Amino acid sequence: MILLSQSAAQFFNDNIALLAPIIIIQLILVVTALVSLAKTQYTNGPKWLWVLIILFFNILGPIAYFIFGRDD
Amino acid sequence: MQWLTVFNRESLEAWRNFKWIWVPLVFILLGLMDPLTTYYMPQILDAVGGLPEGAIIDIPSPPAVDVLMMSIGQFNMLGVAIIVLISMGTIAGERKSGVAELILVKPIRYSTYVTAKWMNYSLICVTAVSAGMLSSWYYVSLLFEEIPFGHVLTAAAFYSLWIIFIVTVNIMMNTLVKVPGVVAFLTIAFLIALQIIGQIFQYAANWIPSLITSYIGEVLTTGNIPEELWWTSLVTVGLIITLLVIASYTLKNKEVV
């Protein structure tokens with residue numbers, strides 16, 4: 001297990017230049033979704049649940065929030 | 001001008017909803033995914049395991065154009081779903097909530113209302129798809145082989161037509177029914193039907209809009225624009241205009257269910 005995570009870290013370090021854009025874009029998505037969530041008054045379902053969804057579901061969480069989250 | 005006022009209202013709303021930010025970003029991610037997963041496929045297979053010790057994984061690196069076409073296939077599946085979902089309520093939702101009546105009570109032509117919305121969503125979606133194609137092209141050129149930029153630009157221009165067509169179908173369905181979910185369902189059903197018909201009658205009716213995607217492969221490889229693609233584009237533009245006219249007409253005359 002340790003070996004696997006080490007090699008994963010190694011792999012990540014070797015390919016950081018290629019993977020960085022994906023991570024940055026994901027971060028921007030999460031941040032915009034959270035900003036939008038903070039600004040809206042009405043959401044479909046409880047707000048804290050959306051915070052969890054946005055934070056813990058990669059890519060799909062923010063998209064789901066943007067499409068289904070707001071109730072306007 | 002009146003049209004600009006309605007259009008500005010639409011694009012202001014799109015900015016406030018962050019659509020101008022997140023839709024392009026999602027398409028860029030979609031575009032990046034396929035070149036990367038294809039490039040790292042041997043490592044992924046290695047890490048997932050399940051292969052006997054000493055098995056040699058020898059996957060030939062696919063041609064660059066094929067990888068770019070994979071991204072386009074991704075746009076055709078998930079991308080289209082996103083396009084349909086973001087625009088499903090644009091007219092239908094406004095009629096349901098009564099906002100449409102508030103706007104249309106003023107002396108605004110129905111066609112203005114329809115085309116302003118259409119223009120807004122076309123701009124967002126074309127920008128997003130072009131950004132996605134550019135990012136995919138960049139990664140393909142980095143990880144596989146160089147594809148001439150001119151070919152990608154031409155392909156993106158023709159592909160945009162197909163995207164605008166999807167937006168138009170969606171706007172048309174928006175004027176037919178009031179429930180956003182039904183609008184999305186009808187649009188996707190229509191597009192799938194069109195794709196099936198396109199596949200069956202590929203040779204008899206080579207002008208069906210859904211075939212644009214298959215002609216693009218040739219544009220990317222050779223850089224030439226096949227004659228069928230010109231005809232298909234012409235038909236697509238014609239259909240877009242017809243659908244917009246139908247949309248304005250139904251919005252004006254039909255008491256919608």
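Quick reminder: no glycine exception, Cβ is built from N, Cα and C everywhere.
TrEMBL does not curate its annotations; it predicts them automatically.
Taken verbatim from TrEMBL:
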TRANSMEM  B:20-41  transmembrane segment
TRANSMEM  B:67-86  transmembrane segment
TRANSMEM  B:118-140  transmembrane segment
TRANSMEM  B:152-172  transmembrane segment
TRANSMEM  B:179-201  transmembrane segment
TRANSMEM  B:229-251  transmembrane segment
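Beyond the ends of the transmembrane segment (B:20-41), by six or more residues, the same chain brings 14, 59, 62, 67-68, 70-71, 74-75, 78-79, 82, 86, 124-125, 127-129, 131-136, 139-140, 143-144 to within a C-beta distance below 8 angstroms of the stretch. When Cβ-Cβ distances below 8 Å are used as the criterion, the transmembrane segment (B:152-172) is approached by residues 68, 72, 75, 80, 83-84, 87-88, 90-91, 114, 117-118, 121-122, 125-126, 129-130, 133-134, 137, 183-184, 187, 190-191, 209-210, 212-213, 215-216, 219-220, 223, 225, 229, 233, 236-237, 239-240, 243-244, 246-247, 250 of the same chain, each at least six residues removed from its ends.
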